[in-house]
């Protein structure tokens, strides 16, 4: 694959960790998922985080079978050229689907919050243009941008939490009763939606294996990213309910934005939602860029197309898909929930499990051949 990538670069494990952090909080911290289990969302996030670590280890085990190769390449190695190519093409379509969906989330967030009179197409076009420009410069540029933006995100998270505490806006009694629907409902929600979004979507990182300096560290880096991202998502879920209460949190499309919008610390420091909005845009930008890049790499790998020409093609497809998929934000959210049930499982559970089993069989055959070869060399004693 390396000969098809222009200016191939490598990123460190630290840069990978930062990209994973941006990816996980992305639009997951923005969108309201559990309208009927708001009090328990933080528990659901923690359960999904643990399950996500197990799932990511399965992804990495398969990738480690063929070091330095992306998902679309080792799929052909494991299940044959024809089946692997079909699987790779389906993954490309899946990444394009996710890129368009996340782009729609981003444009709706910006339009509803600050640019009410601006058409969605204009906002989406500018976002795609920014993503294409960064990826045109290379994957390493995206990773370095993530390092810079991390400072802004961490600063806003810290300052926002401090101001919420000082303004006496947090009411922890709103979080009780805990697990009022029982642990079975918590586990069901974690597996049905929150594991797929965002943890299982980290399957896209298997496309970036050729860019890693130390591929053997990917699993540990993923664990760290999932833990940090999961804790941030759990804390955001706590703040949404503790500040607004369950009734308002249930009705809010972007609950975290509403949470900080209600904070007024003295007469001089208000409208913190604008600052929080900036961090949301940053997180979703990286998630869009990573899905976008995964689709570009897949197309370049399978169809042997030039990298930069593929960027333009993918940009047009993603822009159009983000505009035509659903007519309104409410329908978009409903469509997204259905995709977690009917579309995501094939790509984040079923295909990875098949590849994992094929990788187990492949390693077993390699070990058997190795022992047989050693026996033939040494001969019977």
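Heads up, the Cβ atoms here are built off N, Cα and C, so glycines get one too.
Look at TrEMBL and you will find 12-30, 42-59, 79-100, 121-139, 145-166, 223-243, 274-299, 311-330, 342-361 tagged as transmembrane segment.
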Long-range Cβ neighbours of the transmembrane segment (342-361) (under 8 Å; 6 or more residues past either end): 55, 58-59, 61-62, 65, 74-75, 78-79, 87, 90-91, 94, 97, 196-197, 200-201, 203
Non-local residues, at least 6 beyond the ends, that sit with Cβ under 8 Å of the transmembrane segment (42-59): 34, 175, 178-179, 186-187, 189-191, 194-195, 199-200, 202-203, 205-206, 219, 222-223, 226-227, 229-231, 233-235, 237-238, 348-349, 352-353, 356
Residue numbers, six or more beyond the limits of the transmembrane segment (311-330), whose CB comes under 8 Å of its CB atoms: 96-97, 99-101, 103-104, 107-108, 112, 120-121, 124-125, 128-129, 131-132, 135-136, 253, 292, 295-296, 299, 305
Close approaches to the transmembrane segment (223-243) from elsewhere in its chain (Cβ under 8 angstroms; 6 or more beyond its ends): 16-17, 20-21, 23-25, 28-29, 38-39, 41-46, 48-49, 52-53, 56-57, 157, 161, 164, 169-172, 174-175, 198-199, 202, 249, 252, 255-256, 258-259, 262-263
